[in-house]
Amino acid sequence: MGELPPNSVGVFLALLLCSCSLIELTRAQSPILEIYPKQEVQRKPVGKPLILTCRPTVPEPSLVADLQWKDNRNNTILPKPNGRNQPPMYTETLPGESLALMITSLSVEMGGKYYCTASYANTEILEKGVTIKTYVAITWTNAPENQYPTLGQDYVVMCEVKADPNPTIDWLRNGDPIRTTNDKYVVQTNGLLIRNVQESDEGIYTCRAAVIETGELLERTIRVEVFIQPEIISLPTNLEAVEGKPFAANCTARGKPVPEISWIRDATQLNVATADRFQVNPQTGLVTISSVSQDDYGTYTCLAKNRAGVVDQKTKLNVLVRPQIYELYNVTGARTKEIAITCRAKGRPAPAITFRRWGTQEEYTNGQQDDDPRIILEPNFDEERGESTGTLRISNAERSDDGLYQCIARNKGADAYKTGHITVEFAPDFSHMKELPPVFSWEQRKANLSCLAMGIPNATIEWHWNGRKIKDLYDTNLKIVGTGPRSDLIVHPVTRQYYSGYKCIATNIHGTAEHDMQLKEARVPDFVSEAKPSQLTATTMTFDIRGPSTELGLPILAYSVQYKEALNPDWSTAYNRSWSPDSPYIVEGLRPQTEYSFRFAARNQVGLGNWGVNQQQSTPRRSAPEEPKPLHNPVQHDKEEPVVVSPYSDHFELRWGVPADNGEPIDRYQIKYCPGVKISGTWTELENSCNTVEVMETTSFEMTQLVGNTYYRIELKAHNAIGYSSPASIIMKTTRGIDVIQVAERQVFSSAAIVGIAIGGVLLLLFVVDLLCCITVHMGVMATMCRKAKRSPSEIDDEAKLGSGQLVKEPPPSPLPLPPPVKLGGSPMSTPLDEKEPLRTPTGSIKQNSTIEFDGRFVHSRSGEIIGKNSAV
């Protein structure tokens, strides 16, 4: 073709532009249907809701009719019916003449071609299609966010994903990709395999899923914590509990998480936590039984359970049943025969049984006894039933085997005791009565002959006299009281024929025994064999008395003496004195330098015997007192001199008895005590260290300010008007005196110094108070003295003129008129050794009889006749 002219090209372009505008206008005016969203292919995830809107684009919307949707099977989709039921797919008219396709939950089956159709002006059919393509979004079907593998095992960290198209999976640990080049981690379709899980494998794992076609990416965070299977680390194989007592046992387990522990009784498969008396702590595994029963015996299983697994271990509970003696009978056997006593007990374990005599601690051993082969202990055990038997056999039994026996049942739980009695029967026996004295009677007094027969069983007793049974004599003077085992024969000896022998005969099933008894006539004692003076003083006389040479049955109850002055021939006026046989025979109240006559007799139950052993004895003249006797018990070691030990270190109380005054009353005592030492057994006094004191009217003296752990020789002398007695001497030792040393260290001042300081302090305080009163208020002793010192002479004269004109000073009241002290024997400190001259009577005085007596405390002077102390018979 040739080239067009330039104006032709412009015309062509104008024509082309007009044609396009015409075509566009034509299209705008033609009716169509539009579907929103406008994409012809809609990709939507399964399970999600979907809405598609069909809108007519026509010149006249009112000419549109039959607007509807058709599904992928070309079925008309109906509108939603009335009510709550909602179909999976329905249509709904929207404002603006639009029709919406509503899909509540998209499924794979709903994918396909959908059409929207309508008619326009009843002449033209309108249709618009849209394709719905479904896909499955990434969905975690099995991917828990917390997963717990077990230590030492292989574990798959689950991460199951559902998606369409299929996703790709990769793993991260603590934010870092996991390398699968080694055998530790293996990616599987259902998760991540971890081989031989260790605690170091714990952490945060990320399961990441991606769909390339859809560009979807989703992550799942999984926390992995390694669990450890339970392990029982402490449970004894055997447990022991005591019946009736509380019990506790531990089943200790470890694991992760902390395992829960339970106890199962194998016999019943019962969890003991639900049983009575049982308590279980599931955290610590402690099982407690408030009171163990014998039925609790058996095997128990300890279960330790956590999310990693279960482990169990068995143990046996042995119940120690305390022994119980359920049979022990008293037994009886005859002498010389065999006797066996059996004790039966139960317990777990079966108790050991032994015996012992009541009141002793020694137990019999199994088998024959070493110290007594007659006794054998036979034990027997039944462990299955928990029972034991012990038999104590005594062959050739003796009377000494009779008595109480204690059965002892013993096991680990405790001891049980029960007492039984073995009775050994024997024939009557009178051996205990062979040493009894005869029975005495006198003056027809009734006598009691008692017969006691020892025997088991009790014996019956008969009395015989002169070969005949007394019960057959019908003698009213013979009365039998009791027939056994004790029987008394009351004899009324109205004539001498009843003073004779009687026979007691005892009988039981094992034999007979006889015992002879004598009834004798008693008489008064015979003459006293001897009575001689052993000690003479001016006022006392001590005798040694030997009883009658022959004793006529009854014992001596007392010795009597009659004494009178020898010049007096009448015994009816004599003095009487009696002594018990075990007392000193001392006659007191005698006159010095006087001769006396004495006679003696013995007394028993019958009466006083005849007087005899007549003798005369003179008392010596007045003299110094007898030697006083200290009332202390000395202690003698080996051959050394006896020593009296003081319980104190710094003082000692000397006590003595009042000696005989020998005719003159004792007026004082002289005590001399000297410290000393023993050198080679010889007593040596310390020079210039002796103390001498004299005391009156007392029989004790306390020596003070002594030195601890020191020997003292003490001499005691009594004094009367004649002189001093011979000295009584003892050696005394004080204790160590630790307490005295402690007191000396602490005590700075003596008691007198402390009292003086206290009085001085009080006086000083009074002086200060008086001085203050004088200065402040012009009162007090000092103020009064000052006022008197300042008075003028005229004031003094005026004061003197008051009253009677002079001051009268009354004399003090005279003391009570007391008699002057009586001086006995001259100066109290004089020490006459003997009587130089007789006593002189002052001129003009009347001579009267007088007595001076000393009763141990006071001196009494009496005038008049001297009367003896004892009454005359």
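Cβ atoms are placed via backbone N, Cα and C, with glycine included.
So that you can see what the record holds, here are the features copied from Swiss-Prot:
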- 29-751: topological domain 'Extracellular' (TOPO_DOM)
- 31-131: domain 'Ig-like C2-type 1' (DOMAIN)
- N74: N-linked glycosylation site (CARBOHYD)
- 138-223: domain 'Ig-like C2-type 2' (DOMAIN)
- 230-318: domain 'Ig-like C2-type 3' (DOMAIN)
- N250: N-linked glycosylation site (CARBOHYD)
- 323-423: domain 'Ig-like C2-type 4' (DOMAIN)
- N330: N-linked glycosylation site (CARBOHYD)
- 428-520: domain 'Ig-like C2-type 5' (DOMAIN)
- N448: N-linked glycosylation site (CARBOHYD)
- N458: N-linked glycosylation site (CARBOHYD)
- 524-622: domain 'Fibronectin type-III 1' (DOMAIN)
- N576: N-linked glycosylation site (CARBOHYD)
- 623-638: compositional bias 'Basic and acidic residues' (COMPBIAS)
- 638-738: domain 'Fibronectin type-III 2' (DOMAIN)
- 770-873: topological domain 'Cytoplasmic' (TOPO_DOM)
- S827: phosphoserine (MOD_RES)
- T841: phosphothreonine (MOD_RES)
- S845: phosphoserine (MOD_RES)
For the compositional bias 'Basic and acidic residues' (623-638), distant same-chain residues with Cβ under 8 A (at least six beyond the ends): 537-538, 644-645, 654-664, 666, 669, 714, 716-720, 722-728, 730-732
Best-contacting stretch, by C-beta pairs under 8 Å, relative to the domain 'Ig-like C2-type 1' (31-131) and drawn from 138-223, 230-318, 428-520, 524-622: 138-223
Distance [Cα-Cα, Å, rounded] between N458 (N-linked glycosylation site) and N74 (N-linked glycosylation site): 132
Cβ neighbours of N576 (N-linked glycosylation site) where a neighbour is any other Cβ within 10 Å: 12
Cα proximity to N576 (N-linked glycosylation site), best match among glycosylation sites N74, N250, N330: N330
Least buried by Cβ count (within 10 Å) of the glycosylation sites N74, N250: N74
Secondary structure at N448 (N-linked glycosylation site), reduced by DSSP to three states: strand
Integer Cα-Cα distance in angstrom, N330 (N-linked glycosylation site) to N448 (N-linked glycosylation site): 37
Helix-strand-coil residue split for the domain 'Fibronectin type-III 1' (524-622), DSSP-based: 3 helix, 46 strand, 50 coil
Alpha-carbon distance [N250 (N-linked glycosylation site); N448 (N-linked glycosylation site)] in Å: 79
